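Colleague: Quick one: this structure, given as structure tokens, is what I'll be asking you about.
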Amino acid sequence: MRQRTIERSVEVVGIGLHKGVPVTMRLEPLEENSGILFYRKDKNRYIELKPQNVVDTKMATVIGKDGVVISTIEHLMSAVYGYGIDNLLIILDNDEVPIMDGSAISYCMLLDEAGIMEQKSTKKVLRIKNEVEVRDGDKYVRLKPADTLSFDFTIHFDHPVIGKEHYHFEFSKKNFLEEIARARTFGFLHEVQYLRSIGLAQGGSLDNAIVLDEKKILNPDGLRFEDEFVRHKILDAIGDLSLLGMPVMGLYESFAGSHHLNHLLTVKLLEECSNYEIVEASTTTQEGYVIGAACAKE
């Protein structure tokens, strides 16, 4: 299986979730073996997509370098991962990725517009060899060895609409588009009100998030999936997993996970070389996920 980039440059204008200010985002092709690279045009600063550059995970996944940051990258990166893109330049003129509708589907449409192009170099895959786990009380995230990438997620909220939700997801581009990409971010009205009082969530609205009060969903059109909340948690995790810089072969299990735990898991995984091996992708399904590999450890 070969590395991929986009065929042509594309651009979109939206607003940032927290500051609520307009931001222009441009996606451009990159040559093979370049990886995913962000560029803050207003600060003339490049930031590589890697766990070492994560600077904040409280409300979103934020990367930064030398004091220059880019916030809320996870939904975009979930789409980039879903499309199997290895090399991409993401240019922004502000410090937030545009939130769009709060899911990944708008970014998927943007990538469809750009087109996907295979390159000459073989795609590298990170294969999990040893189980790695991070816990915070009863919350946990873990990666286990497996021959494909899949997610087994459970969330539990003390809310009559959400309660306990579980979803098992077998990763492929087709499944991503059908089951995960349209799942929106969500929040509670009292949290939104507090965030706005401290200058955050200025761009949040019912057009780009599911908002719940104490008893019900406030969005007039309701949910896109009965279990949209846990599906969005998987969307987030895919985006956070993209910071590893290559596709992953493993089972990702989570109970009440978060951006913070996702990040700690990627860091812990990379701490010990025995936890993983890097192989060349050799066999794929029609949808594009790896089901076999030729050993080529680096």
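The backbone N, Cα and C atoms fix where each Cβ goes, glycine too.
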Colleague: Return the residue out of His18, His75 that Swiss-Prot annotates for the same Zn(2+) site as His232, Asp236.
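Modeller: Swiss-Prot names His75 for this Zn(2+) site.
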Colleague: Within 10 Å of the Cβ of His232 (Zn(2+) binding site), how many other Cβ atoms can you find? Include all protein chains, please.
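Modeller: Looking across every protein chain shown, the total is 27.
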